[in-house]
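Novice: Before I ask anything, let me first share the structure, which is written out below as structure tokens.
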Amino acid sequence: MANVHTFSSCLALADFHGDGEYKLAVGDLGPDGRQPRLKVLKGITLVSHKVLPALPAAAVTFLMGPHEPRTPALAIASGPCVYVYKNLKPYFKFSLPLLPANPLEQDLWNQAKEDQIDPLTLKEMLEGIREKAEVPLSVQSLRFLQLELSEMEAFVNQHKSKSIRRQTVITTMTTLKKSLADEDAMSCLVLGTENKELLVLDPEAFTVLTKMSLPSVPVFLEVSGQFDVEFRLAAACRNGSIYILRRDSKRPKYCIELSAQPVGLVRVHKVLVVGSNQDSLHGFTYKGKRLWTVQMPATILAMNLLEQRSRGLQAVMAALANEEVRIYHNKALLDVIRTPEAVTSLCFGRFGREDNTLIMTTLGGGLIIKILKRTAVFAEGGGEAGPPANHAVKLNMPRKSRFYVDQTLREREAGTAMHRTFQADLYLLRLRVARAYVQALESSLSPVSLTAREPLKLHAVVQGLGPTFKLTLHLQNTSTARPILGLVVCFLYNEVLYALPRAFFKVPLLVPGLNYPLETFVKSLSDKGISDIIKVLVLREGQSMPLLSAHINMPMSEGLAAS
Amino acid sequence: MGLLDRLSGLLGLRKKEVHVLCLGLDNSGKTTIINKLKPSNAQSQDIVPTIGFSIQKFKSSSLSFTVFDMSGQGRYRNLWEHYYKEGQAIIFVIDSSDKLRMVVAKEELHTLLNHPDIKHRRIPILFFANKMDLRDAVTSVKVSQWLCLEDIKDKPWHICASDAIKGEGLQEGVDWLQDQIQAVKT
């Protein structure tokens, strides 16, 4: 158990010390998501372990400048800042530019500063702004609005001298090559913020090169191309859409609407592969045209790119909730890796001195490292089976015996007589059913009354072994919107055999749709193990005709008779 | 080893030529080990990653070794099999501090042993569990367990812990190799 709790976006592989030994940087959330740590693994040993100020959103490595030595810097996005580590030492902290605050809100706080306005009016005015204005309130005002009356005064006195600030939070981060597509070219950071914006940062000066706006909050980013030449940015957002931006467009150029929320976004050559929370992978072109869809057997937990440079292979890995990692090349399933536990993050690349290493972290915090063999070739291993292989399942047709043939012969010969007798019997049956039904209606024996005036339903349950039983009556009003008032329940029983504390009681008002359990305790008095029937009658007050009734066959008493 | 052999070995007479393959993953210390086995005046100061392969010579007390020092980088590893035919002995070097790639070394050893040119020949294999001086190095017993060396039944093998920078453990290994080669010859 390595105790690594993280996501695919917070894993980065790079040669931080320039010695050819690639290390893994993990923005770890901590076992309960409350102790953010930066962990660096060399081989299978933890070499560095630093506390992070806030939970990491993403970790990427990038080359900052053209100078030697060309060791990449590690950028960790957390909260409103990007912490840049060089040589695994803190080097720079970039903060997102502040957002403009609402001028009305600013005015209010200025008035509070000069004590022209008391906390209660301030609260009312701020609430007015919150509902109407387009620019949302600052964190300070929002916190003020949450407070109780008694705490307001102190809060205003403490905070009125501070200027109000509105800051946003980074949700996602990736890198974009600046002017060259080489492996060791400079890269720009691309940040997605909670404020529905994308920022492209200069790698050396950490100034904002461009700002693009999106209709929703980006959660996954995928970039291709170079910043100075031409680039395409695909951003999967929380509203279940993917927006594609080009170099000169400040607004999205194409939009792909998914039917479900995206859980991962990976670019394979020119295809965008999106994992949706409906357990499927979709392939899209950069123009937003759907190319293919593959259904997964379980929920997708993590996705990442598998790139084997020596063979020029790019494939998508998807970690599923059924403890599998599947590798797909377009629609074809290349390989399935089974893991002892569900995998939450995936990373493929050069680790240590080995080029093709797959690093997985599991739900419980374990770390699994797999090295791809030099001789291994991914092939479409015929994972896709057509119809089920076992054709042995025949249609379940019953066999006909000699008996059946004889019967049909008999039917052929004496068909008329059979028909007549059967019809006569049917008449008799109908007559008897109708008689019994009328009798039941007259004595109200049925436990369901369907009359329009009194829709009721009753059933009784007996629990216990005896001599004491618990008898629960479930009474329900089945009308749509008419409560029933003034009902009573009466039990009829053999007083020699059973004792009931109250054999007659009133029923509360029955609200339509609710099930009323009414319970009594029945004591068996007989010591000979005799069981009898108890009748339950539901009556209306003032009428002697029961509306409905139930018969309960009391079970045998298993114990000594209650004395 | 008889007295005569030793005498003739010291005199430099009748030294037999033996071809040895030096294999192992990249950065395991193959070139350093071979360099250290050379006489001190012939040793080079700087060791750089081998490109492709190089041919080195060194002498032990009674044999003259010609070593094919192969590059261990992933993309050059498929060159190894071209030299399997010439090899009369194999030196396999393992970085005992690189626990992560022990499985890769095992895999490469497995493919080596199952190669048709190697499989049915009884050639001695000498393993060097190198970089013993490093703090996170594992013992040679552990290395032999991880590489499943017990499974090699049809070839004589020997594992030595070594520190190629200081030269510790190398002589022991070469002595064993020399004994084995002479045992095969006679």
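From the backbone N, Cα and C atoms, a Cβ is placed for every residue, glycine too.
Feature annotation from TrEMBL assigns GTP binding site to B:G24, B:L25, B:D26, B:N27, B:S28, B:G29, B:K30, B:T31, B:G72, B:N130, B:K131, B:M132, B:D133. The feature Mg(2+) binding site is assigned by TrEMBL to B:T31, B:T50.
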Novice: Under 8 Å Cβ-Cβ to chain A, which of the binding-site residues B:D26, B:K30, B:G72?
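Specialist: The answer, in sequence order, is B:D26.
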Novice: Given the binding-site residues B:K30, B:K131, which one's Cβ is surrounded by the fewest other Cβ atoms within 10 Å?
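Specialist: Ranked by other Cβ atoms within 10 Å, the binding-site residues B:K30, B:K131 bottom out at B:K131.
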Novice: Including all protein chains displayed, how many Cβ atoms other than that of B:D133 (GTP binding site) lie within 10 Å of its Cβ?
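Specialist: A 10 Å sphere around the Cβ of B:D133 (GTP binding site) contains 15 other Cβ atoms.
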Novice: Which whole-number value in Å describes the distance between the Cα atoms of B:S28 (GTP binding site) and B:T50 (Mg(2+) binding site)?
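Specialist: Rounded to a whole number, the Cα-Cα distance is 12 Å.
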Novice: Please report the Cα separation of B:D26 (GTP binding site) and B:T50 (Mg(2+) binding site) in Å, rounded to an integer.
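Specialist: Given the Cα positions, B:D26 (GTP binding site) is 9 Å from B:T50 (Mg(2+) binding site).
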Novice: Validating a neighbour-count step here. Other CB atoms within 10 A of the CB of B:S28 (GTP binding site): how many?
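Specialist: 27, counting other Cβ atoms within 10 Å of B:S28 (GTP binding site).
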Novice: Quick check for you: of the binding-site residues B:G24, B:K30, B:G72, B:K131, B:D133, which have their Cα within 10 Å of the Cα of B:T50 (Mg(2+) binding site)?
Specialist: B:K30, B:G72
Novice: Of all the binding-site residues given, B:T31, B:T50, which residue's CB has the most CB neighbours within 10 A?
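Specialist: Output for this query is B:T31.
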Novice: Between the Cα atoms of B:K131 (GTP binding site) and B:T31 (Mg(2+) binding site), find the distance and write it as a whole number of Å.
Specialist: 13
Novice: I'd like to know which of these binding-site residues, B:G24, B:G72, is least surrounded, judged by other CB atoms within 10 A.
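Specialist: The binding-site residues B:G24, B:G72 were compared, and B:G24 has the fewest Cβ atoms within 10 Å.
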Novice: Measure between the Cα atoms of every pair in B:G24, B:L25, B:D26, B:N27, B:S28, B:G29, B:K30, B:T31, B:G72, B:N130, B:K131, B:M132, B:D133, the residues the record assigns to GTP, and report the largest value in Å, rounded to a whole number.
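Specialist: This binding site's residues have a maximal Cα-Cα distance of 21 Å.
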Novice: Helix, strand or coil by DSSP: which one applies to B:T31 (Mg(2+) binding site)?
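Specialist: Once the DSSP labels are grouped into three classes, B:T31 (Mg(2+) binding site) ends up as helix.
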